[in-house]
Amino acid sequence: MEYKVTVATGTSEYSGTNNYIYVTLVGERGESERTVLDNPGLDFRRGAVDDYTVKSSADLGPLILVRLEKQKYWVEDNWFCRYVKVSVPGQRCSYTFPCYRWLVGDKVVVELREGTAKKISDDTLPLEISHRKAELQERQKIYRWLAWAPSIPKCIDAKSEADLPQDARFDNEKRSDFVGSLHYALLELSLKKLAIKFGKSWNDLDDFKRIFWKLRSPIAEYTMNHWKEDWFFGYQFLNGSNPRMITKCKELPSNFPVTGDMVQSSLIPTTTLKEELKEGNIFLVDYAIMDGIPANVIRDRIQHIASPLCLLYEHPEKGLIPIAIQLGQKPDKDTPIFLPSDPPLAWLLAKMWVRHSEFQVFQLLSHLLRTHLVVEVICVSTLRQLPAVHPIYKLLTPHLRYTLEINCRGRTQLLSMDGIFKKVVSTGGDGLLILAQREYKVLTYRSLQPKFDFLDRGVTKLKDYFYRDHSMMLWNVIQNFVSGIVSLYYKSDSEVEQDSELQAWIHDVAVEGFVDVPHFGLASELKTKEELITLLSVAIFTSTAQHAATNNGQFDWCAWVPNTPCTMRHPPPTDKDAVTMGMIMDTLPDISQSCVEMAITWHLGRAQPDAFCFLSFLQIPMGQYVEQYFTEPAALRVIDKFRKELKELEEQIIAQNEGLELQYLYLCPSRVENSITI
């Protein structure tokens with residue numbers, strides 16, 4: 001018997017190898033000869049798809065495994081294998097063995113299962129069952145849980161990205177782009193000239209334009225021109241980088257003593273505050289979570305933090321506008337309530353303080369904790385508990401790509417005691433951890449589901465809330481897709497309940513990953529298909545749409561530093577009449593801090609390089625699965641339907657934005673990355 005074996009090498013830089021590659025086919029009736037794969041010329045070049053002949057003394061029967069071995073030839077180098085295909089002589093059938101793994105080291109052996117997705121109950125042969133068990137035992141040695149800090153989700157056991165296995169690392173192009181982009185940003189901002197002015201304030205607000213040179217975007221420029229306007233301030237709670245904070249205000253908090261007379265001039269003349277509260281037109285953004293957070297010390301100078309309350313009114317003509325701001329949780333003579341009727345500079349500075357709190361909350365809580373760290377729990381659990389042949393592994397893996405490395409880099413380069421946040425952010429150092437711990441205590445699984453998030457916050461009817469509308473549309477498409485895949489492999493609730501690997505996976509998620517969260521509300525076992533579909537939809541929605549909503553606009557809203565300052569160098573004002581432009585400039589980030597804020601938000605929020613550049617996939621748009629883990633026609637049809645619905649949704653979102661001066665395009669599927677990679 002002679003089998004035709006096709007081997008595909010990876011397309012990214014350094015995927016090829018000059019080492020010896022051997023293959024053995026394993027079927028129900030035995031094994032083929034161990035065969036060195038060697039054609040005339042160079043084999044296993046980057047992007048190559050090579051054909052070989054493998055002989056067997058007898059018919060192997062249905063193929064179960066392909067065994068790949070790599071041995072050093074002259075110089076040891078790694079090899080990335082995409083897949084192996086095997087054609088059976090004299091038959092039309094062929095087998096696909098997805099790999100998408102690095103073979104690292106000398107005399108390394110990898111065994112690949114045939115591509116049909118199978119639950120543990122679908123495997124009957126001892127070889128199949130033993131292979132599943134051995135694969136998970138090996139992965140659990142490699143991917144281990146670590147409590148990075150108490151009272152936050154657990155993470156991967158790696159001190160830095162260098163400790164991760166090669167399969168969890170960036171490709172070389174991605175790594176080069178990631179490192180190079182920040183260097184480029186700092187160079188464009190002329191940090192050699194500006195950053196040496198540590199502690200020096202800008203002279204006036206127009207001076208911030210000096211760092212608007214080549215790093216710019218249409219929305220960032222729009223922000224620069226409109227950031228002082230109340231409607232624009234309110235708009236950002238709906239469609240800015242942190243659109244999850246606003247809630248309907250049914251009654252005023254006892255610690256926010258706003259009276260009707262205070263805000264009457266902001267309301268339409270024919271109504272009152274009491275009536276508008278009853279009608280559901282008053283909204284609140286409360287930063288109580290910031291109260292008492294220790295402030296960072298930057299270059300021996302204490303920074304300052306506030307915990308504002310901001311009352312907003314949905315005006316029938318002006319849109320959502322702020323009508324009262326209190327910069328602390330305890331009202332007294334030193335914590336006045338700021339109003340639009342106050343001196344213009346006092347009102348402007350009060351809004352700056354709210355936006356400063358926005359920077360802390362969106363970066364550390366909405367972005368880091370509620371997307372990056374939540375998805376890392378799913379990622380580690382998936383690698384530890386689901387073999388590559390499992391349908392849920394195949395479904396989730398493309399949405400977990402690169403997440404472990406970007407999170408490791410975040411912990412070492414952004415959040416550590418010598419990271420960027422410590423150098424320029426008011427909650428850097430101890431404050432950011434305390435802030436994350438506070439949010440983790442109140443984090444709920446329910447709040448990660450957009451339908452319940454909007455319902456619980458009372459914002460289902462809030463006008464021009466594009467983030468809400470597009471999130472719900474994407475959620476529905478994702479849920480339909482997940483339901484289609486799950487229904488192919490689980491015909492009943494009992495099949496979900498009886499899948500021991502799936503139950504080990506959810507136990508790892510709920511008990512290990514989300515440890516010590518008192519009210520999270522995720523059970524440690526799955527009993528129904530609906531529960532499984534919801535959890536998988538949450539995982540994919542969080543790693544795609546929710547991350548895009550909080551990450552992709554951060555340069556747009558933060559590049560004009562006065563709109564969203566990363567730190568404040570003076571305490572909140574206690575006297576409205578004492579606010580001067582000099583006080584504002586001395587409070588806002590200094591020249592060096594401003595440059596770093598602009599550089600880092602551009603670096604993290606910029607559009608990644610095109611996914612389909614030559615032989616490279618730096619960014620993969622949502623639903624574009626360049627690594628084909630599913631091989632069965634039924635699953636591929638579900639994926640095609642998903643892509644079609646995403647395309648239709650894209651067209652709908654673009655049509656909705658036509659004619660809008662300020663467009664909301666962050667949740668266009670083509671702009672949403674398939675996983676958290678930045």
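Using N, Cα and C of the backbone, Cβ positions are placed for all residues, glycine too.
Computed from a predicted structure; not experimentally measured.
Here TrEMBL gives coiled coil for one range in the set 120-151, 568-599, 632-663: that range is 632-663.
Mean pLDDT across the coiled coil (632-663) comes to 97 in this model. For His367 (Fe cation binding site), the nearest neighbour among the recorded positions Gly16, Asp77, Trp102, judged by Cα separation, is Trp102. In the shown protein chains, 22 other C-beta atoms lie within 10 A of the C-beta of Ile678 (Fe cation binding site).
Residues near Gly16 (Ca(2+) 1 binding site) in space but far in sequence (CB under 8 A, at least 6 apart, same chain), listed by position: Thr9, Gly10, Phe44, Arg45, Arg46, Gly47, Ala48, Trp79. Taking all protein chains in view, 20 other C-beta atoms sit within 10 angstroms of the C-beta of Trp102 (site 'Essential for stabilizing binding to COTL1'). Separation of the C-alpha atoms of Trp102 (site 'Essential for stabilizing binding to COTL1') and His547 (Fe cation binding site): 28 Å, rounded to the nearest whole number.
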